[in-house]
Each structure stands twice: as structure tokens, then as C-alpha cells.
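**Student:** Just passing along the structure, written as C-alpha cells.
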Amino acid sequence: MKKIQDHYFKKAKQENYPARSVYKLQEIQKQCSLLGPGQTVLDLGAAPGSWTMYCAEKVGLGGRVLAVDLNAPAISFPPQVTFVEDDAFSPGPELTAALDDHAPFDVVVSDMAPKTTGIKFADQANSLELCQRALEMARAFLKPGGRFVAKIFQGPDVKAFEGEMRVSFATVKAIKPKSSRPESKEIFYVGLGFRPAEGGSSRAPGSGGVS
């Protein structure tokens, strides 16, 4: 199995991606057709930058990607990408302005993961909280019909999260990419066909992130 993982690591380096995680999004794209030319994408947990680069390639120069992370990326991005180093869930003035400028979004993606403690239930709970908050961002900023993908660590509350997604999306899929390590507990939930709650999906300008 180490040989397979080395393959993805080497492939990422050869193709100038900073991390092998890009191939997980690539597999999801093949199955679900999340991304397309001219779209506007919100990338949560963007560093080190592989998902952002892939999104930028798919939307092209006519699209836009707003990438957010607490840490700086490992690479430079093309002109269709705006990167903001901030907390997506407690945005400062720069991120608030960027959200106002880009929203509403066609796609929201989240590869966020908590700092692991080695305590299984704690890691799962922290992962669930990140996914729930990413889902709140998607509900706030997606266009009707939009798409959402988030990474979550499998645990007892995963099905409840799936139920939360089904409230807002016409189709919900759980995907374990082949490029994920077999021992990893991560899966990716994909929501297609966003259905905003009554009153609309987008927050008023200046409202920032989720509360």
C-alpha cells in the first residue's frame, strides 16, 4: 500500500501540486461534475493549495476562486484566485469584503480537518463541527442549484450530518476516493442541487461568515 501512496505523492510533485489531496477532488469531480468553466468557487481550508489550483484550472480565467485558510498557501495562484488568510467562520474586514465581492457561489468546497488528538471520538466530533460550519457557509452563500463538498471523519454522527445535507440538497452522496489512504477514516459528502431555505441563500452584503 505504501507503494500506491508514494505514487500519488510523486504524481503531485510531477504535476506541480503541493499535496496529493488534489487527486481526491479529481475523483469527486469525475463522479459528480462539481466544477466547470466560468464558475465562482469558495474553497474553505485551502492551504497548502492543491484544491485551489485544481478549482482554478476547472473554472478557467473566466471563473473566480475565493480561497480561505488560517495558514498561508505553499504556492502562488493564478489570477482568477483570491486568497485570504483568515478564519472563515469569524471573518475580518478583508474576508468580509471578498465574500461580498464573490458571492453567491456556484460551488463551496471544504477539505478542512481538525488538528488530530489521537482520541478517536474527539477527532470525529471536531471534524463534524467543521463540516457543520462549512455547511452553514454553503447555505449562506450558494446559488440555488449550487454544489457542496466537505471532508468528514467517519463516526456515529455522520448519518445525522448526511440528514442535515439532505434538507438543503436534492442529491447527497458519500464518496471514499481511491486516493484516500485505506486506513483513513475520512469520507467526502457531496451535495448537488442546492435548495435554499425560504428567504434566499445569500447573506446581505457586509454580513460576513456564519455565527
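From the backbone N, Cα and C atoms, a Cβ is placed for every residue, glycine too.
Summarising the annotation, TrEMBL assigns active site, proton acceptor to Lys151. Summarising the annotation, TrEMBL assigns S-adenosyl-L-methionine binding site to Gly49, Trp51, Asp69, Asp87, Asp111. Feature annotation from TrEMBL assigns domain 'Ribosomal RNA methyltransferase FtsJ' to 17-194.
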**Student:** Return only the integer: C-alpha distance in Å from Gly49 (S-adenosyl-L-methionine binding site) to Lys151 (active site, proton acceptor).
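**Tutor:** Lys151 (active site, proton acceptor) has its Cα 16 Å from the Cα of Gly49 (S-adenosyl-L-methionine binding site).
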**Student:** Other than its own, how many Cβ atoms are within 10 Å of the Cβ belonging to Asp69 (S-adenosyl-L-methionine binding site)?
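**Tutor:** I count 22 other Cβ atoms within 10 Å of it.
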**Student:** What's the number of neighbouring CB atoms sitting within 10 A of the CB on Lys151 (active site, proton acceptor)?
**Tutor:** 23
**Student:** Starting from the Cβ of Gly49 (S-adenosyl-L-methionine binding site), draw a 10 Å sphere and report how many other Cβ atoms land inside it.
**Tutor:** 25
**Student:** Is it possible to get the count of other C-beta atoms within 10 angstroms of the C-beta of Trp51 (S-adenosyl-L-methionine binding site)?
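**Tutor:** Here the count is 27.
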**Student:** Could you state the CA-to-CA distance between Asp69 (S-adenosyl-L-methionine binding site) and Lys151 (active site, proton acceptor) to the nearest Å?
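**Tutor:** Distance between the two Cα atoms comes out at 15 Å.
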**Student:** Which is it, of Asp87, Asp111: the one of these binding-site residues whose Cβ has the most other Cβ atoms within 10 Å?
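**Tutor:** Selected residue: Asp111.
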**Student:** List nothing but the largest Cα to Cα distance in Å, as a whole number, among the residues Gly49, Trp51, Asp69, Asp87, Asp111 that the record says bind S-adenosyl-L-methionine.
**Tutor:** 18
**Student:** How does the model score the domain 'Ribosomal RNA methyltransferase FtsJ' (17-194) in terms of mean pLDDT?
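**Tutor:** Averaged over the domain 'Ribosomal RNA methyltransferase FtsJ' (17-194), the predicted model reaches a pLDDT of 92.
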**Student:** Based on Cα coordinates, which of the following binding-site residues are within 10 Å of the residue listed as 'active site, proton acceptor': Trp51, Asp87, Asp111?
**Tutor:** Asp111
**Student:** By the DSSP assignment reduced to helix, strand and coil, which category contains Asp111 (S-adenosyl-L-methionine binding site)?
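**Tutor:** The residue in question, Asp111 (S-adenosyl-L-methionine binding site), is coil (DSSP, three-state).
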